[in-house]
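Trainee: Feature list, courtesy of Swiss-Prot:
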type	residues	note
BINDING	Gly169, Asp170, Arg171, Gln172, Thr173, Gly174, Lys175, Thr176	ATP binding site
SITE	Ser362	site 'Required for activity'
Amino acid sequence: MEIRADEISRIIREQIKDYGKKVEVAETGSILSQADGVARIYGLAGAAAGELLEFPGGIRGLVLNLEEDNVGAAIMGPYEHIREGDPVKRTGLIAEVPVGEELLGRVVDGLGNPIDGRGPLNAKHQRKIEIKAPGIVKRKSVHEPMQTGLKAIDALVPIGRGQRELILGDRQTGKTAVAIDTILNNKGNNLYCFYVAIGQKQSTVARVVDTLKKHGAMEYTTVISASASDPAPMQYLAPYTGVTMAEYFRDSGRHALIIYDDLSKQAVAYRQLSLLLRRPPGREAYPGDVFYLHSRLLERAAKLSDKEGAGSLTALPIIETQAGDVSAYIPTNVISITDGQIFLESNLFFQGVRPAINVGISVSRVGGSAQIKAMKQVAGSLKLDLAQYRELAAFAQFGSDLDKATQETLARGERLVELLKQGQYAPLSVEKQVIQIYAGTQKDAGGHNWIRSVPTEQVVRYMAELLEFLDARHPGIAKAIAEKKALDDGIRKDLDAALTEFAGIFKIEG
């Protein structure tokens with residue numbers, strides 16, 4: 001065998017050329033104990049709070065506790081194979097998630113990894129999960145409406161862009177339905193929607209995605225799911241992942257909406273982590289910083305000033321109450337952080353009043369300044385009328401002979417309750433809401449309400465047929481309201497004439 005010196009020297013030269021002087025330094029510790037997805041690690045003296053760690057099998061972990069002789073970390077993934085004594089590496093990274101237009105129409109997990117079987121996201125940008133909320137100077141007061149398509153909300157508890165409006169109520173009272181209707185109503189409004197499902201059944205999330213697809217809403221929506229079977233750290237992180245993705249649109253001068261469904265499950269996941277990390281428990285066994293958990297999340301919803309691009313992020317957090325108890329720890333915390341709340345009541349729901357909004361307790365602290373003038377004109381007295389009706393209805397149970405004025409008020413109240421009823425996944429444009437509420441609250445030439453002669457059980461049919469009639473015979477009225485956003489004398493005159501005409505052709509059944 002011939003040894004060729006030039007060949008050998010060429011190979012040696014190539015190897016020298018490829019030789020790198022770079023030395024990789026990795027700080028590695030070992031697991032002292034691991035239970036229920038929380039590990040205690042010895043030997044990571046340089047670890048920072050919120051840093052990502054690498055466990056065996058490529059599983060990531062998040063540093064939550066820094067103690068004198070060890071580090072407490074939450075394992076974000078399956079932890080059954082992780083044993084005592086296993087090595088754990090520091091990554092030096094803070095948790096980041098993909099952001100951008102590429103996420104629209106996708107379903108991702110609590111860390112932004114796609115779970116819809118449609119391949120990688122190919123997102124061009126990444127953002128840190130934990131960033132500070134915009135300061136006072138960067139903000140502007142809420143002044144633009146964010147329509148939900150639900151008469152009871154847009155008329156009585158209006159929501160503005162950049163607002164945080166809490167939706168709370170017992171289980172199965174229609175909280176998610178209100179949120180989904182809001183997404184459906186904003187089709188074509190250049191509003192990017194993010195739905196964060198925390199601790200939900202996977203079948204429930206699949207149903208929500210299916211509904212959004214059916215109505216063509218998935219093209220401007222991203223679903224972030226940390227389901228009931230996911231580890232507690234994923235359920236704790238999912239809302240922050242969602243808000244980080246939504247902030248990308250807010251900071252680029254666009255408008256976004258985020259729905260957290262629901263934050264009580266995030267608080268439960270955080271309580272679980274805190275107790276396993278042996279942090280001292282407080283009221284209802286929640287840790288002392290559970291308020292900060294939600295406040296730092298909800299403060300990231302904001303209406304930015306013109307100098308910052310005038311973008312907005314509206315938040316609709318959902319909280320589940322137990323037996324209507326609004327004074328429990330988590331509900332009171334979130335009520336104090338948000339700009340108002342919509343309270344859904346199981347009693348109303350079972351009576352067939354849907355959406356089951358308790359108008360008395362529900363408020364919107366800043367939405368009034370975002371409501372369009374036309375809605376203010378027609379719905380000004382609606383809340384008071386409904387409150388009077390509820391009060392009288394409670395007294396009327398005890399009295400048999402009621403005077404005529406009381407009977408009139410009760411009959412009118414019953415019709416107003418019917419007027420505010422609405423089917424699921426059937427949001428109405430604001431001009432159509434204004435027309436229906438005008439018919440319910442304004443008076444005809446004789447000084448009576450337009451729907452005074454309509455039997456209570458036929459009000460819903462009257463309202464549906466009224467819109468069909470106006471679409472067919474007087475389409476200009478709705479267009480004029482949409483353009484002017486106010487009811488001037490000309491529109492009122494046309495609307496009164498149309499209502500008079502409709503009264504002549506509407507047939508009362510039975």
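Heads up, the Cβ atoms here are built off N, Cα and C, so glycines get one too.
Owing to the predicted nature of the structure, the values given are computational and were not obtained by experimental measurement.
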Trainee: Which ones in the same chain are close to Thr173 (ATP binding site), with CB under 8 Å and 6+ residues apart in sequence?
Mentor: Leu344, Glu345, Ser346, Phe349, Ala356
Trainee: Under DSSP, is Gly169 (ATP binding site) helix, strand or coil?
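Mentor: Assignment for Gly169 (ATP binding site) reads strand.
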Trainee: Sort out the sequence-distant neighbours of Ser362 (site 'Required for activity') for me: same chain, 6+ apart, CB within less than 8 Å of its CB, listed by position.
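Mentor: Once residues fewer than 6 apart are set aside, Ser362 (site 'Required for activity') is near Leu156, Val157, Gly340, Gln341, Ile342, Phe343.
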Trainee: Setting Gly169, Asp170, Arg171, Gln172, Thr173, Gly174, Lys175, Thr176 aside, what same-chain residues sit with their Cβ within 8 Å of the center of the Cβ atoms that define the ATP site, listed in sequence order?
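Mentor: For the ATP site, the extra neighbours are Glu320, Leu344, Ser346, Phe349, Ala356.
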Trainee: Just how many other Cβ atoms lie inside 10 Å of the Cβ on Asp170 (ATP binding site)?
Mentor: 18
Trainee: Hey, of the binding-site residues listed (Gln172, Thr176), which one tops the CB count within 10 A?
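Mentor: Selected residue: Thr176.
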Trainee: Looking at the binding-site residues Gly169, Gly174, which one has the fewest other Cβ atoms within 10 Å of its own Cβ?
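Mentor: Sparsest of the binding-site residues Gly169, Gly174 by Cβ contacts within 10 Å: Gly174.
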Trainee: Among all protein chains shown, how many Cβ atoms are found within 10 Å of the Cβ of Lys175 (ATP binding site), not counting that one?
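Mentor: If we count other Cβ atoms within 10 Å of Lys175 (ATP binding site), we arrive at 25.
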Trainee: List the same-chain residues at least 6 positions away in sequence whose Cβ sits under 8 Å from the Cβ of Arg171 (ATP binding site), in sequence order, or say none.
Mentor: Glu320
Trainee: Using DSSP reduced to three states, classify Ser362 (site 'Required for activity') as helix, strand or coil.
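Mentor: Looking at the DSSP assignment, Ser362 (site 'Required for activity') belongs to neither helix nor strand, so coil.
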